[in-house]
Amino acid sequence: MATDNSASSLTRTKYPTLLDAVLTIVLVFATSFWGDLWGNRGESPSYLASVVTSIGMTSSLFFRRSQPWLMLAFVCAFGGTQLILVPHPTWALAAVPIASYSMARMVQGIAARWLPLICGLGAVIGPLRWTAGISEKSEKIESTVALILLCLAWIVIPYLLGRRDQETAVAELERAEGARKRYESEVARQAEAERATETRVRNEIARELHDIVAHSLSVIVVQAEGGKALAKKHPDKAVDVLETIGETGREALVEMRRIVGVLRNGNDAEYAPSPGLADIGDLVKRAGSRVTLTERGTRPTLSAAVGLTIYRVTQEALTNVMKHSGSDARVSVGLRYEPSKVEVSIYDDGGEDKARPAEVSGTGYGIRGMRERVQAVGGKLNAGPLGAGWLVQAVIPVNRKG
């Protein structure tokens, strides 16, 4: 049967139904009332049968796009009736090549091959009927053979043209379908890439929030506990502790607002500057007097990503010290600047509490987050026990700003 694809490919004209109606009307009036090809018209006793069967054959072409099998049935039925009732060929045979082309063009697969078989039978029976009145044997044979060949060409050539056009249309549809699938695949790939980017950004934001909140709260808790004891012995010095707590809280709020601003606005021009190498001194100062900072070499001007990575690694390491080391643990932060790299080390001597976090295996946001940050800028990070204490060490290649 005709498929939707073949039907749509045949009806690409703007007004297919109107065109078929015009074609049918023209053929009905041009072929049905002129008698047979031998010039016999109204005086012939078979004239009425010729008119009726010719109208039936040509009017069936109106269905050539929508119902090609119905068209074929009408052409065969009225054409067969015409062969029986009319002894000579009529002008309505003009409908046969159009029907042959339309069937080949519209019907896909083996079903379309029935057309040349059915019409081929008519191409043999018709000439035998039309030459029955010829008495001369040789002339009859020549005329019959010539008419059979002519009728076969009248059927086969349009059929082959229709098959060719159908194959071309199917190939175009397959190319269009392939292009559509490739487009959908590309859209799906882009959507997947966007989801991956969104996930990566969420993870980065979660890591930023963890670094900011965990460190700031750890500093505030440590300072508050120390300030409580200090207030009993040296009330005047407790003010410094409260100032440190306030400053740490304010800076945490600024950092939180920066991240929320990024999420809300999505405009690079409105991003607040991220902390970097120059801010590590203040970070160490807020951690308290038990933390010291040592810098060796000339401080380079780094890219924002590298500077932020060094800052966050130092911040997270200090946070872990405050969480897991004894209150009397001494911490040393070392920054060593070389032309091609920056070495960062944070070591604490353990203090009274020798227990370490379960993050040695790299789980959680702490060590895992530091390692991910360092690897993202091409560096390496190691963390583990050293003597009675704990050492976090990172080597980060220099990516100079500009």
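Using the three backbone atoms N, Cα and C, a Cβ is placed for every residue, glycine included.
Nobody curates TrEMBL annotations by hand; they come from automatic prediction.
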Q) Pick from 166-193, 250-277, 278-305: which range has coiled coil per TrEMBL? A) 166-193
Q | Sequence-remote partners of the transmembrane segment (70-94) [C-beta within less than 8 Å, at least six residues beyond its ends] | A | 27, 30-32, 34-38, 40, 46, 49-50, 53-54, 56-61, 63-64, 102-103, 115, 118-119, 122, 125-126, 129-130, 132-133, 154
Q: Mind checking which residues of the chain, 6+ beyond the ends of the transmembrane segment (46-63), have their Cβ under 8 Å from one of its Cβ atoms?
A: 20-21, 23-24, 27-28, 31-33, 35-36, 40, 70-71, 73-75, 77-79, 81-82, 85-87, 90-92, 94-96, 98-99, 102
